[in-house]
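Each remark here refers to the structure printed beneath this line.
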Amino acid sequence: MLKATLRTSGLLLLLWLIFGDLDSGLFHNSRAQEEYSAARNTDSQEQSCFCHLTGVLDDCFCDIESIDVFNNFKIYPLIRQLIERDFFRYYKVNLKRPCPFWPDDGQCAIKDCHVEPCPESKIPVGIKSGNYNKYSKAVNTMTEMEACEQAHELGAINSTLSNQSKEAFEDWARHDDAQDNFCELDDETSPDADYVDLLLNPERYTGYKGPSAWRVWNSIYEENCFKPRSVYRPLNPLTPSRGEIRLSLSLFMFALGLCLEKRVFYRLISGLHTSINIHLCAQHLLDEGWGKALWGPNVQEFRRRFDPAETKEEGTRRLKNLYFLFLIELRALFKVAPYFERTFINLYTGNTQEDSITKDLLLQIFNETKGFPMHFDEKSMFAGHKLEAKRLKEEFRLHFKNISRIMDCVGCSKCRLWGKLQTQGLGTALKILFSEMEIKNLPEHSPSKGFQLTRQEIVALLNAFGRITFIYLHTLLSIVVVLLVRNLFLCVC
């Protein structure tokens, strides 16, 4: 009991030190105060400890406590600085792509759904140079004469090819790229693609909900997620009266013995869903009075989605799947480190000092990942019969690629932005995990013709991981602190 109380006190102290006066961020609005008072007045017999996450995660040899300590003291401070740098701040995305699966419902008319594109004049010159697959200074500083000569040579080569041959080469190039990708990537050269300043368009609850939002998640789980065919997922997964159906899904998954690969897929999608939901709960519209919106934690919404009493014990599993997602993306950073450690790779923006700081921060993060002792072992996946493993891996990739396409069906532009970014970040992580040999064979002093990452993939990878690391200190704990105070001597994380 003493140990648990000390752990809680430590979390509260850590929150205080990092975020300063908690009153300004958590209790300074009337709704949060009302929810806090209501929580304290709740009968003790009805109180439940839904912040109790401890022990070893399923499908890996890692405990939650170790992840907490590693993230809070090693990774979070660095990743927070990194994604505020210019290279990771600006993300080019096409938010106008039509939904490929059902008639467009139309865009969300709520003002907070709007995404404000960044004017070209604000984009660092090195980012908007147009070299989408290259990000070192060398390729971005090609002289006009060199570019002209290169264009002439390419023109000479192209002139010897028939139109049919040109189309064949283009098809081959697209096919080669597609074999590695777990996501449907936006065409950054499209006139509909815009740069977005992620710091000025934060992920938060916009009011987008209802059948349109439910259909997106229903399609992801029901049509594109591995699960027993006999288990039905309701159109609205948050309907309280059908909570037992959602609970049955997880129980059936493990009871029916789905293979590791299919369990991993489901847990990743569940973890991604949990991450998005927590951010929406943490940045909820609390008040629109006096002409200025007030955003902050919505404790009741958090409880509705994650409290075991409200979710028939499913909330704990959802939160554990978030930790599992953290492990997968952390492992990808560990594996991709050699790609960025090469001296000629610069995260180029055109500002030498800025680029140097950004590269140093990224290398520090990679160095920290090497010290984590309990990485997920991706070699345990697709390790059976070669033909069966190859078929399952391709099925895994195509399922996830389809989910990335579903993100173009999200009606809220801001929700679509963050859904596409986080899905692409996870897809990039999977691409890295299953490209081990290509990364090992990278040339030390020249670009690779094999494994490549576009700037779009790099920005998505680090920002998606950043969303998860923020949850432990910036979102999840800032919400749960209310319940920690309420249950300080009754229920301790």
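Heads up, the Cβ atoms here are built off N, Cα and C, so glycines get one too.
According to TrEMBL, the protein carries these features:
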type	residues	note
SIGNAL	1-32	signal peptide
DISULFID	Cys108-Cys113	disulfide bond
DISULFID	Cys148-Cys183	disulfide bond
DISULFID	Cys412-Cys415	disulfide bond
ACT_SITE	Cys412	active site, nucleophile
ACT_SITE	Cys415	active site
TRANSMEM	470-489	transmembrane segment
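Contacts of Cys183 (disulfide bond) defined by a Cβ separation under 8 A and a same-chain sequence distance of 6+ are given as Phe400, Lys401, Ser404, Thr423, Gln424, Gly427, Thr428, in order along the sequence.
The 10 Å shell around the Cβ of Cys412 (disulfide bond) contains 24 further Cβ atoms across the protein chains shown.
If you take the Cα of Cys113 (disulfide bond) and the Cα of Cys412 (disulfide bond), they are about 5 angstrom apart, rounded to a whole number. Cα separation, Cys108 (disulfide bond) to Cys415 (disulfide bond), rounded: 10 Å. Neighbour density at the Cβ, taken as the number of other Cβ atoms within 10 Å, is lowest among the disulfide-bonded residues Cys108, Cys113, Cys415 for Cys113.
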